[in-house]
Amino acid sequence: MSGSCAAAEEKEGSRQRLQMKVNEYKENQNMSSVSLRSIQKTVLEKTVKVCLVPFSLSNYKSGQFKLPKSLLDKNSKNEVACKKYKKTEIKKACTRILTSKMEATASSKAESTLQKSSIDVHTENNQRQHKSTSDTVSLGVDTESSQDGDSDEDTTSSLDDFSGLSPYERKRLKNISENANFFASLQLSESAARLREMIEKRQPPETKRKKPKKKENETGCRRSMRLLNVDPSGVSLPVTPTEPTLVADENPLLPPGPLEMIPENRDDNSELFKEFLQTWAEVSKTSSKNIEKELSSLKTYKANLSGMVISEDTVYKVTKGAIFSIAFHPSEIKTLVAAGAKSGQVGLWDLTHQPKEDGVYVFQPHSQPVSCLYFSPANPAHMLSLSYDGTLRCGDISSAVFEEVYRNERSSLSSFDFLAEDASTFIVGHWDGSISLVDRRTPGASYEKLISSSLRKIRTVHVHPVQRQYFITAGLRDTHIYDARRLTPSGSQPLISLTEHTKSIASAYFSPLTGNRIVTTCADCKLRFFDSSCISSQIPLLTTIRHNTITGRWLTRLRAVWDPKQEDCVIIGSMAHPRQVEIFHETGEQVHSFLGGECLVSVCSINAVHPTRYILAGGNSSGKIHVFMN
């Protein structure tokens, strides 16, 4: 009786708690979202189940506990009947409670509370039913048996059949379950573990290099006692002083003083060379200085130029390197042309001698490029050559030697010209911008004056043909005219400066007969003609001619030079195709173009014209001379 009262009180308490939880949920119905984690937590909180089984005490003996047959025999009919009875009672109790409570709530939190209360009521009904039998009392506590497993599965399956969840919540739970199953099927953790193993396998193990063990009884290699600097007894010898190694100069200076005129391509004792020296001396006796030079008309001049042609007999390689200077012997009997090369050679070619190979003689009076070359106007038997090596030499045919006229080992020379008509004094330009006055009548090979100019570099020097006290210099970007009478060693200012140039100037020359014109060749691809008829503070610019002067580093720079027979025409090489040599008038008109066909296939950077005859010689960067003549 007391047991039934206690059960009734517990039932009443559980109903009150259930009612409080339902009311508590109703107060929170306006919440935007309710988590379902509490439902899962409520279902999983059950850890121990108590089951009352009918048990008979008639066969019980003292000191012995015997399980009923229905529990020992798993296949007995009583066990199956008990399971079916339990399932039926659970379903009935849950259905009855849910029917009365689901009308007032639709939330997942209330459903979890109802699930817990229904399980509690089911347990109480079973206890009351089993306690009503007076001769049966059974207490079973099972946490790990197969019967509890079956009851858990049955309870879970019964909970799955609940229809209290809304369709949205059912769909949400289904999606969560499907997503969890999908990610589990991907086996991401296993893939990550495999990748981690692969990365770890790729790293090679650090292996320490084993040091070779030295053999104790290893015999050393034999060594030279001379290299060890010891004597046979093992005593060290005194250290011998080492001599400094001398670096061979690529272009060593030739010894000072006169040099013998020995041809490098011939035997100096050959009959041909002796005949050549004799011919040179004979033709030099005939002087052309008394011949009057008359300026022909432009029409006549063009007609004479048209008759000048080139052939294979007038093309020959005279020097070993590029040609830097060319000069004609003034003889009208023989055609003798001289060329100064980059290698320091000076070549002489007698075009009247056949075969042409026998008329070429090559000498080595310098060790560096020969940039300026002239035959003496007073004595054509003298050939003067100036080189970068700082020497100015005179080749004398009568004595067959190259005399040293001027020597300066501190500065490189660039150009020179004759200050006096008798060729006794010279004006010499240096690459560092200084100017030297040299007098051949003074013993020795030194200068009379050394003047520092305002130019940083001097490329060419040229003396006025009439007023010989004036000379013009071409520098980096300026062209200056000086008066030789006003030169002082401390420094001299130019009389006039031609500032129209924008880039470096290759050359500047007075016109050959009167000196009334000046022509300059500039790297800005322009030829400029100035009016120098009056040497005053201003020299006006007359004409500018566009002409390509960009030769590059492998070709000698182009220079425009005057034709000695014509006061108003200049000759210059061309970069145009086909290769040619052009003649321009001071007005800018192109007077003539010398085309050679297959005989002229290179650029003739350096050109010269015979002073009295219509003969043109052009030198290229391989040492060849191309001659156009009537």
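For all residues, glycine too, the Cβ spot is worked out from N, Cα and C.
Taking Swiss-Prot as the reference, the stretch among 55-76, 231-252, 275-296 described by the feature region 'Disordered' is residues 231-252. With helix defined as DSSP H, G or I and strand as E or B, the repeat 'WD 7' (598-630) counts 2 helix, 15 strand, 16 coil. Summed and averaged per residue, pLDDT over the repeat 'WD 6' (542-572) gives 94. For the repeat 'WD 7' (598-630), the list of distant contacts is 288, 291, 293, 304-305, 307-312, 314-328, 330, 332, 335, 337, 339, 341, 347, 349, 351, 551, 554-559, 561, 563-565, 571-575, 578-581: same-chain residues at least six beyond its ends, Cβ to Cβ under 8 Å. Counting residues of the repeat 'WD 5' (500-540) by DSSP class, helix then strand then coil, yields 0 helix, 18 strand, 23 coil.
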